[in-house]
Amino acid sequence: MKNLSFLINRRKENTSDSNVYPGKAKSHEPSWIEMDDQTKKDGLDIVHVEFSPDTRAPSDSNKVITEIFDATEDAKEADESERGMPLATALNTYPKAAAWSLLVSTTLIMEGYDTAILGAFYALPIFQRKFGSQNDKTGEWEISASWQIGLTLCYMAGEIVGLQLTGPSVDLVGNRYTLIIALFFLAAFTFILYFCNSLGMIAVGQALCGMPWGCFQCLTVSYASEICPLALRYYLTTYSNLCWLFGQLFAAGIMKNSQKKYADSELGYKLPFALQWILPVPLALGIFFAPESPWWLVKKGRFDEARRSLRRTLSGKGPEKEILVTLEVDKIKVTIDKEKRLTSKEGSYSDCFEDKINRRRTRITCLCWAGQATCGSILIGYSTYFYEKAGVSTEMSFTFSIIQYCLGICATFLSWWASKYFGRYDLYAFGLAFQTIVFFIIGGLGCSSTHGSKMGSGSLLMAVAFFYNLGIAPVVFCLVSEMPSSRLRTKTIILARNTYNVVSIICSVLILYQLNSKKWNWGAKSGFFWGVLCFCTLIWAVVDLPETAGKTFVEINELFKLGVSARKFKSTKVDPFVVKNTPKYVSHNDPKGDIEASIAEE
């Protein structure tokens, strides 16, 4: 990492240079917007400036060029500093950024919790008798496959709507207020679930609650990636997966308690719904005091607020902190400016498919997240129901679910350690490979009806959960934040998550048909199907998923711009701040050529 004292000294030298001509009135210092207008008017991208030994005092126009040069140099220094920053230094420098990111991501606990209890309700006796029907052949009570599919479709449809509403809401009021509004609506919609007396009311409640969940899915990832440096990006984006698991673990514990103590009481399903009121208010208060994303503020031209936001994420004080703030703001400006020059329009959903570069980035982001569904993870969400249909007792099914989520949490922590030695693609691909093997073994055990094979298939589903949370589950949250451009990040993540939701709907329907005794009744033999689909996802990853570990946002932008193939991303080195073979330009305000600038035509 560049020595910070070097950056401070260079800044001090620049400050002293501004006082060389004490008799001259202080000239107007151009803002970034003015500098950007100047370069656009000339159709130039200033890269390098040279002053001859006998140069006169710079004019205002030439100071514009000098300021642009300094901003680009600052951006380069900040980018190099971020790329080489050790984890310990990042934690010491950005502890508040990490804390704010953890707070925002905690909203996902509620989604993981509620989606898990919905699947567990299907195995809860009181819920089965209250809302289900009796199987004439087996005499067992269960929720019909059509209603299970309907309830799943409702909350996923709500998430799709919520995600689409998140885009314009963020453009209008920012990340913080969008999250606060979503938390308010979630608390209100939970009343419908608590007072439900029919599956229809549950369907309405799930659909309405799905809208704020969709908001959480998008903004937790984008906020974490924008507020934290590269060294912390993997840990804080993948923390989203931990929040999902914490929510699912809480749900499994609550449902086991309901199955044990309230098996014949309406509290068995009302109490789990009521517990959703615990988090919205404290989270909303915390997020109200959180800093807004500096990337969002810079895109809105609110540079002073972006600096204040960055100051609130950094530790320390004095000149070192101010220089870090200035360098980071300059880097964000340069990155966004380079993206804006590709199009004059404000970022929209259509821009995600506008050209070959953005189409590729959008495709990879969408398929990357869809891989979480096609790898068989939806089966993990219905684990309690799966265990029961595989022949495991109801009480043991809930116990298996708790063990499964604990293994998932351990696996996610292990992925943090593994990320230091393996890349994003490595974890994604290796996780898929292991899951494929285990699914085929589960399918084979499903062909036997012995007690040992039933317990074996249940145990191996826990192995699937472990490898899933070691590989594809956490790394996806990091990858989807790195693939899009900063200008289109929120909208691309929304499209990707909605792709996941649509694919999840299809996978959920298939799983419910595979497990329901009135439909296909495959049981553990469904492992064969998910093994094949998981293998297909692995093939896509090998062909199309690039390695972004150790790459800053501006480097990733350049690699996509150059059309580097997926498997060469890791080995290709780029310098986004250098333009080669540039023609010469002499300023109109300096006809003698005292100031020479190397430029590149747009």
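Along the chain as shown, the residues are counted starting at 1.
In case you wondered, yes, glycine gets a Cβ from its N, Cα and C as well.
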Swiss-Prot: matching membrane side for Val173 and Pro319: yes
Chain residues in Cβ proximity to the transmembrane segment (398-418) (below 8 Å; excluding those fewer than six residues from its ends, i.e. six or more beyond): 120, 123, 234-235, 238, 241-242, 245-246, 248-249, 252-253, 255-256, 259, 380, 383-384, 387, 392, 427, 458-459, 461-462, 465-471, 473-475
Annotated stretches the transmembrane segment (143-163) and the transmembrane segment (460-480) touching (3 or more Cβ pairs under 8 Å): no
The transmembrane segment (460-480) and the transmembrane segment (271-291) contact flag, 3+ Cβ pairs under 8 angstroms: no
Residues from the same chain, set at least six apart from the ends of the transmembrane segment (271-291), whose C-beta lies under 8 A from its own: 100, 103-104, 106-107, 109-110, 113-114, 117, 176, 179-180, 183-184, 186-187, 190, 193-194, 196, 227, 250-251, 254-255, 258, 262, 308-310, 312-313
Stretch contact, the transmembrane segment (526-546) with the transmembrane segment (201-221), Cβ-Cβ under 8 Å, 3+ pairs: no
The topological domain 'Extracellular' (514-525): DSSP-derived helix, strand, coil residue counts: 5 helix, 0 strand, 7 coil
